Amino acid sequence: MKTLPLLLLLLLDLGQAQGTLDRVPLRRQPSLRKKLRAQGQLSEFWKAHKVDMVQYTETCTMEQSANEPLINYLDMEYFGTISIGSPPQNFTVIFDTVSSNLWVPSVYCTSPACQMHPQFRPSQSNTYSEVGTPFSIAYGTGSLTGIIGADQVSVQGLTVVGQQFGESVKEPGQTFVNAEFDGILGLGYPSLAAGGVTPVFDNMMAQNLVSLPMFSVYMSSNPEGGSGSELTFGGYDSSHFSGSLNWVPVTKQGYWQIALDEIQVGGSPMFCPEGCQAIVDTGTSLITGPSDKIIQLQAAIGATPMDGEYAVECENLNIMPDVTFVINGVPYTLSATAYTLPDFVDGMQFCGSGFQGLDIQPPAGPLWILGDVFIRQFYSVFDRGSNRVGLAPAVP
């Protein structure tokens, strides 16, 4: 007698999860690293930023959103469009789960990066209101600074009113100059927000714009435009994954932080024998970990230094070991084709390693970061209502 009500509840839950969904298309474009490599300027980029990606790893405290590792954005390939103001002013952004602020270039910004991207013009918006609070986010080459304003923000038909956002007036370094994106929309917890700003997704929930307090990410592995890649607000789409979601509790609210049981290479445990912490991050393209562990991992997969970065012999992909992250008792296995980044340089195939050293200091770290290399293989659901992350094998 209890079977029917239970079935109805399951169907209701499934309907909510897949019913009223607001989809934001994500387009895939060549990363800044690929563009610099193709232009023969990558080594000059490392020198200009005083970074040796083989011998040095960027150190980050990550105690708040006001400190971001700049290298995270070098390999970003997935971007979406938002609009701010009325009439709308469009911007290309990274949807980033490891930060919580929204910022775009201001018309008052004189940095070279701002001149290369659309700039927000408050005088041209009928719904803009000045807040005037200064904000600052520290990056590897300096601080991005600006002021906070408020306006309506639209994301694929979802319009948040009174959203506070950063108008950058200074953007550091060359990374933002050549980037495909104009700004960043953070999807982390409110505790990460610089200036005490309420994040966009929190306002979506508060203004009843989403049917469920969750969003999900599907990143297509198709290198040509990433057709089908999308960020979904209000639930998840089961057509993008196989099997069922493995729900993993968030261990610390701020980042989307979860526990790793262990990390295996070639089927044998290699790291985190007693467990460790990781964050699922749409704003980091690679998989990062403590530099001493990553050096061991690069050696285990056969990656060697080449022009300031780690690469493998492309013809060895079929004999390279799998790398498995065991999460909540479930193995998530990446084959060599999944954790390497193919490219062509001067007509020759190049296979870069998808792993990068990044030392995150206590009390936030050490942390592993499961970026796009991981998310491409595993559909990811971020559930604020139950403070958990859902993972399942992505459908190619």
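Cβ coordinates come from backbone N, Cα and C, glycine included.
Given the structure is predicted, the values throughout are model-derived calculations rather than measurements.
Partner cysteine of Cys272, as given in Swiss-Prot, is Cys276 (from among Cys276, Cys314, disulfide bond). Distance between Cα atoms for Cys272 (disulfide bond) and Cys114 (disulfide bond): 42 Å, as a whole number. When secondary structure is read from DSSP and collapsed to three states, Cys272 (disulfide bond) falls in the coil class. Cβ neighbours of Cys351 (disulfide bond) (same chain, under 8 Å, six or more residues apart in sequence): Ala311, Val312, Glu313, Cys314, Leu317, Thr340, Leu341, Pro342, Asp343. Within the set of recorded positions Asn90, Asp96, Cys109, the entry lying nearest in space to Asp281 (active site) is Asp96 (CA atoms). The secondary structure of Cys109 (disulfide bond), as reduced to three states from DSSP, is coil rather than helix or strand.
For Asp96 (active site), applying a Cβ distance below 8 Å and a minimum sequence separation of six or more within one chain yields Ile184, Leu185, Gly186, Leu187, Gly188, Asp281, Thr282, Gly283.
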